[in-house]
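As written in TrEMBL, here are the features:
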- 1-13: compositional bias 'Basic and acidic residues' (COMPBIAS)
- 1-57: region 'Disordered' (REGION)
- 18-29: compositional bias 'Polar residues' (COMPBIAS)
- 30-48: compositional bias 'Basic residues' (COMPBIAS)
- 39-165: domain 'C2' (DOMAIN)
- 193-228: domain 'EF-hand' (DOMAIN)
- 229-264: domain 'EF-hand' (DOMAIN)
């Protein structure tokens, strides 16, 4: 296996991904490799300060500029050591892509030797999450352990080896080790990528494997480029490529020809492997696309792809059958029909897609109620009262001592979405389920961005966020209720005129989230207004429905905060199904600091909406870009939200 990896290193144009020794550096001077590793270290230092909020991860192979390209990494999942025997599978998630290995034999020491080439971008995702599943179930597989690998950090560190063994952690408690994972990773020098690309192109048509192209081989290659103009002048191109006049085209000569023409008159219009039409203006992106596409033919246990999340990749054959029959499907965007069975959100910290966990029976009932005219009619004929009674009854149950027994089952269901080690108190501290639900966190686990700057607003809750510059944008991309308006949201007792055409930010909390909400801005609490209403679910299945008006009909409390940097800010805490109460921990007249606790929701899902006055805040680009795709962003309390436009004027 090591010999195979060495051969792949040779194909990728170098021998090792690690920094050169001082002696080697002395001999080679400022080599391409040394410069590249310095670039990786710089990228890692920059990324370690937190996620970039100026942009999101671009679509595959669509690079903004050459400066964004950090390299192509070959990640290999070699083996693992687990604590019991089973048939094991591993999934790797990076950005909006997920890949999976083959399934191992029945063992406690699975061996996969599965690899995948991954595009690394300076401002793109770089933390790969590896999830290990036992595969003994028909409909789904059990997540047993995971680890997160910062590829920039790993590749930039000083080491003589590109092989490493790391701990696999329990999804529900990151303090517990459940196994070991062995992997390797090395990265191609970007300046070697073009040579490697030409080498792969040459190998496609080099029928006699002499490392050169005859005219007939060159002619077949040009035909595969999908460029009719180039096909009509093959002889001219062949003479231009054959720089030394020996009657054949070498790898260096082919690379030189491609470089000259891609700058002016691109030869390659479509990928010779998959046939995808390539952007003529994006030479680097086209080259990277084809480099990764050619990799699929190496035959070295390449991981299978085409998945959006590790949960999707882990499903068994029964789920695949349901997709085939359109009972269930995956997709990014508005959640309607079968797509509402799987809610995908973008994790801002890890820069990858994750799937929200919801019980299947609940999904079916929500779709029946909120996405049909019949369901709406039921609402009008008494279902609202039923939801109210259900919430009150459930609230009493969750406050009973007997409810504490449900805590372990709840944590197990959301095993990889609740981090027990962050809690301020141990589990035996909670005497009822609701005490656990409104749990506090340890100091410092939610750092507040730019704490010394009141002109920087922060996220108000651990939640799935949607952000819109205007209400019109929010109704175009997300809120599909027939009568949503700022006036309806704030109610008749608060003047809505300051907020007309204002900026809207929606923080949706799911049951597994930390349910205390915090202040996004600093200022003085002017007033609280309680508004009676229904208790619809705030799940996207209802919010995306045209049949009901969740945010303007649900029970809610509106707080108005007067600030120096953002003017007046409306903070709306909205109740939902199972949420019996909204509790604020501040009072009218209090001066508050951003990041301070502002209150909490009792059991259930719930939502906070912040409304800013027109043109007073410039929201972070990544939040707006995801929202324009109807894709929620998973955020945490204290993450940066945006900056006051006053700061732009002052700067």
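Positions of Cβ are set from backbone N, Cα and C atoms, glycine also.
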Where does the mean pLDDT land for the domain 'EF-hand' (193-228)?
-> 80
Residue distribution over DSSP helix, strand and coil in the domain 'EF-hand' (229-264) | 25 helix, 2 strand, 9 coil
For the domain 'EF-hand' (193-228), the number of residues DSSP places in helix, strand and coil = 24 helix, 2 strand, 10 coil
